[in-house]
Amino acid sequence: MERWRFSLMVFNNKLKHEYGIKKSLDSVSSIENTIENKDSNSKPNIKGRAQNIRSCGGRDNYSYNNIIYLFGVEYNRNLIPNDTFLFRDNKGDSFYISFNIENHIFEIDINFSCLSELEIERYFYSYHGFDYFNFNNGSAIEDYLYNHYMYDTPSNNHITSCIESYLQSQICVNPSIISDSSDSYIFGCFDKRRTHNESRRSGIRNRAQSSYLTIRESFNNLDSTKKYKHLWVQCENCYGLNYKKFLKSKINLCEQCGYHFKMSSSERIEVLVDPDTWYPMDEDMSSLDPIEFHSEEEPYKDRIYSYQKRTGLTEAVQTGLGQLNGIPIAIGVMDFQFMGGSMGSVVGEKITRLIEYATNKILPLIIVCASGGARMQEGSLSLMQMAKISSALFDYQSNKKLLYVSILTSPTTGGVTASFGMLGDIIIAEPNSYIAFAGKRVIEQTLHKIVPEGSQAAEYLFQKGLFDLIIPRNLLKSVLGELFKLHAFFPLN
């Protein structure tokens, strides 16, 4: 559980007499202050350090005369962060910043009438657990309020990077709320204590007059999460945001850390097979519910139809012929989006036919595995596919001495791991792939033992000798081409 608190401190013109602030109209202004240690019962002491404040974009109506703006992010570990904050400029225009760390979401919704008039004055900095706008010389403000409870967490890094990249190019935060009190300051504290069915408000308090000026924090019927979720994909590893339209061109790799997102079978075929060389096989073959399996939730035939409609596929594997860097190949690609890539009678039949065709035509064979195992809706018929495929591979490998490359992606489990997944002459795994026979939950519930974290990851299994290679997705095609040439398979031209 975590909580994020956002603080906005504004020191007004009345401080100039007490703290020697020099007044300057529509130009560079200076404020000499240093924020020292404070407790919950007293306000900050101000003295010391000079900060120059310049007008935003050279516009008079955005002047920062004698005001320093500190935008801080303070980390706490108590409550769930899930709120939306309203920021308003001195023209009354507003924008919202939404954070949902539990669901890995950061969003900004702008309601400005003219976005071009807004710009950031300097940069957004991160220093000792606090992030500041520094309008002086672009260096981080050294604040003696070092927060020893602030940690360099993925969630913190994610939010900091999101705010930094966006606000630097778009937004000028310019609150225009200044009290007339001689020694007052405005302190906005947005506490995150909202449940799923509640929306709460937080106030900006004038401590000298004990009056409250309310800023709306949470909004009823505000669902910005759903509004923009279709545009972005968040990395599970670094929490970075990836724009969906660019993700395909980057072969579903995270721009920040290179994490491998899941891919559909069609996307993998597009990556591995040369353009205009793909020729599908047995694409009209589909299951007929051989054991008439019916569940309380949904009949098997209806479930098959729903996945066919959703994915555009007839089954959980695509098989066919193509060329890889000009080398003719036979390739089968499983699709986890179709019933978890489960292996039923049709999947087994399509893969067996592909192997037999490659045997007759003396073609190298590639099978990309992504499966949860045998399909329970087809009972023992699905288990029979393990033996059928293994038998066809025996003839292909042992009798014809041809090359079979097995590529294991995340996840590869169950009957696929126990059969053709581990029978390759060369076994290649993608980085961070989840590969196992029985899943972690099944093992723990059956044996009542805790499965160590990472014990079913590709890197750990590689150290134990289960694979030959771990190849990143962007290098896979070139590596396969070199392997085929090494085994005397050459391009047609």
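From the backbone N, Cα and C atoms, a Cβ is placed for every residue, glycine too.
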Which range, 97-119, 166-188, 235-257, 373-395, does Swiss-Prot list as zinc finger?
235-257
Cβ atoms near Cys257 (Zn(2+) binding site) (within 10 Å, other residues, all chains):
12
Spatial neighbours, same chain, of Cys235 (Zn(2+) binding site) - Cβ under 8 Å, 6+ residues apart:
Leu241, Asn242, Cys254, Gln256, Cys257, Tyr259, Phe261
Just counting, how many other CB atoms are there within 10 A of the CB of Cys238 (Zn(2+) binding site)?
17
Please give me the CB contact count at 10 A for Cys254 (Zn(2+) binding site), counting all chains in the structure.
21
Arithmetic mean of per-residue pLDDT over the zinc finger (235-257):
89
